[in-house]
């Protein structure tokens, strides 16, 4: 019989790496009044580049009564295979309209991303086939960019399921590269030191490693010893009265009937605190997060029998009946006891770093040469600018000189003075100006000839 969808888990995909079947699950009890929690926990980001679109689609689908009923009767396989997607044809018009708008917004967002990507890599005038590029986004149907159809929901479910399943592997690969880079830098640092300094640095490193290894025994995650320790130290209960069912209910924080990945990882905190302390120089918090992920994967592998990334009460109780539950041997092997890389992998990584460094150096050299060329060009432009300014100044000065030479002279009071022509008769000076001239030299104006007077009698 297929496993039914767990009730009360509408947002379980949104904690990192959970299946979409958990996301779309809804509470069975319709009579239960909605709980108003003003301080509700914000749903964590899945890390998917379409996380917001996924969250909004889920929120809209939850508002449709028909779809919720079908979800209650569905199983994880129906959801993952896309069978449930066909029920989208029966949702209300209002819900379909909202889904259509969400898809148009997502297509618009992806187009903007593509444009930015192409602008950064290619010539600005290059024509881009956005329709073809949209096909690389597998969580929606690029052939229909305006309406949200059953195919869109099917693609969204399948893509999210696949991407989330690959998330852990990507995290492990990232951690491996982090560890290799750390070792590479450590070796380069030691090579840069003198012999005495190198010996001192190596001694200090060995001392840090020794302190890091000195910690209490770490219990195997999911074992009886590990769960009892949580029961006693975290829950404050009597270890002799350990009850798996009660334990499950206590740590099902959101009371949805399953332990999701975040709820499981919370159980490992006490074990991690035995090994890692943020105050200690020798303890790497990146290693602690890798340790947490490895612990969760171990529990899921041994307890999550249907591999839906959720632990039901039945699965949890069944795991407590196995022999491995009580027999943990020497305990859990931590990260430093299980190297993340081999020497051969480190060698290839260093070759890759060397090639990248050479490429960056060549690029830096080209940029330096271009900068120098630009500097020389700038100097030439500045010199030409100064020459042009000097030429303009000289032209202005010459123009001013020409204007001064062509203008008539002015009297002391600023009035213009015009010169008389030399060929004209001299103009006598005003009377006031002749007072200093000798009387003998003064010219008397000639009198007109006197006409004879006629006698009126002769007329």
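Here the Cβ of each residue, glycine as well, is placed from N, Cα and C on the backbone.
Between the stretches 77-123, 124-170, 171-217, Swiss-Prot puts its DNA-binding region entry on 171-217. Swiss-Prot annotates 252, 254, 256 as Ca(2+) 1-binding residues; of 263, 265, the candidate listed for that same site is 263. Among the candidates 291, 297, 315, the residue that Swiss-Prot names alongside 304, 306, 308 for the Ca(2+) 2 site is 315.
Remark: residue 147 (phosphothreonine) has 96, 100, 103 as non-local neighbours, by Cβ distance under 8 Å and separation of at least 6 in sequence.
Residue 85 (phosphoserine) sits 57 Å from residue 368 (phosphoserine), taking the Cα positions as reference. Counted with DSSP, the DNA-binding region (171-217) comes out as 40 helix, 0 strand, 7 coil.
In three-state terms derived from DSSP, residue 368 (phosphoserine) belongs to a helical segment. Looking only at other Cβ atoms within 10 Å, the busiest spot among the modified residues 85, 368 turns out to be 85.
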